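A.B. asks: Below, the features straight out of TrEMBL:
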type     : residues : note
COMPBIAS : 321-334  : compositional bias 'Polar residues'
DOMAIN   : 136-238  : domain 'Palmitoyltransferase DHHC'
REGION   : 296-355  : region 'Disordered'
TRANSMEM : 16-36    : transmembrane segment
TRANSMEM : 52-70    : transmembrane segment
TRANSMEM : 163-181  : transmembrane segment
TRANSMEM : 201-223  : transmembrane segment
Amino acid sequence: MAPSGSRSIRRGCKRVLYWIPVLFIALIVAWSYYAYVLQLCIESIEDTGEKVVYLLVYHVVFVLFVWAYWQTIFTRPLNPLKEFHLSHSDKELLEREDRGESQQEILRRIARDLPIYTRTNSGGTAGTAAAVWTRRSAAQCILKMDHHCPWVNNCVGFSNYKYFMLFLAYSLLYCLFITATDLQYFIKFWTKGLPDTQAKFHILFLFFSASMFSVSLASLFIYHCWLVCKNRSTLEAVRAPVFRHGTDKNGFSLGFSKNFRQVFGDEVKFWPVPIFSSLGDGCSFPTCLVNLDPELPSSPTGSNPAKGRQFPSKPLRESQSRLLTSTPSWSESDGATDKDKKGASNPAITIENEA
């Protein structure tokens, strides 16, 4: 076992390395600002009206893009209940284990008393409906985790998924605007229509970089738009959640309009602004399923009976917990007192080790 001092140094080095992609993006954006504003608009464009319009539109898109990117990076995952956070001893225990099976067993033990609603097909962990334990986020429970994005050095989930979507949208718009307005001057570069200054090299590379980023951003943005329309996370798209009645990849889909509002909220005026407006508390989610468990009260509307409620602090009844897993570690009985506990109506919690 490595000394605690060396582990601390190793963790510190990893934290620094995790910020390298963010620093790379920041440098690219800073250079693009210099190249577009100074070298293209101020130095190369002679028409004053065209110059003013380009600069005005550019700065509006630039501010929205940087604002959304900042929010995606620095919005920490929500942690509404203290049991959603690993203790110091549990963190050390996880870090000492290198084998995935041992780490999974530790997480199963920790999650035994949490209310569970879905699980994965493997049966060894709970499903991906709401949250994932991730070592990169200080062993926190990431509500409705989508993925860990190295370009923002943060886990994308319930608390910042809207920001991430706006970041993709505005970064794509930013690149497309630069590509479209830089095109005529890029052509002039090859036809010798620009003076032989350093500005033409900035214009050349600005067009190439903006167009290449546009292609990659467009594919990623379209994919996440599809996820929003289906009301799925990336993890759920890869591994469909298993409910009490079985696997259902569309279990959380409420229709296009309601799916969209789950992420962006009910007030249209807040949709394009990088401020939090998503619906719910990140713990309980409405589903399209009705009467999943005969022991649970039926919902006359066919929606999630836990919608609008705070996340319950008590675990599910023992009989309900057995429905969620085939592994004995999830259904260990603590005696007759467990049978008297009142279960939650429809919480959605995930316990999974995301490296």
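Using the three backbone atoms N, Cα and C, a Cβ is placed for every residue, glycine included.
Automatic, uncurated: that is what TrEMBL annotation is.
A quick note: this is a predicted structure, and the numbers were derived from the prediction, not measured.
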A.B. asks: Per DSSP, what is the residue tally for the domain 'Palmitoyltransferase DHHC' (136-238) in helix, strand and coil?
C.D. replies: 69 helix, 10 strand, 24 coil
A.B. asks: Who are the chain neighbours of the transmembrane segment (163-181) in space, where the CB to CB distance is under 8 Å and they lie at least 6 residues beyond its ends?
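C.D. replies: Residues 32, 36, 40, 54, 57-58, 61-62, 64-65, 68-69, 71-72, 75, 146, 149, 152, 156, 206-207, 210-211, 213-214, 217-218, 220-221, 224-225, 228, 263-264, 272, 274 contact the transmembrane segment (163-181) from elsewhere in the chain.
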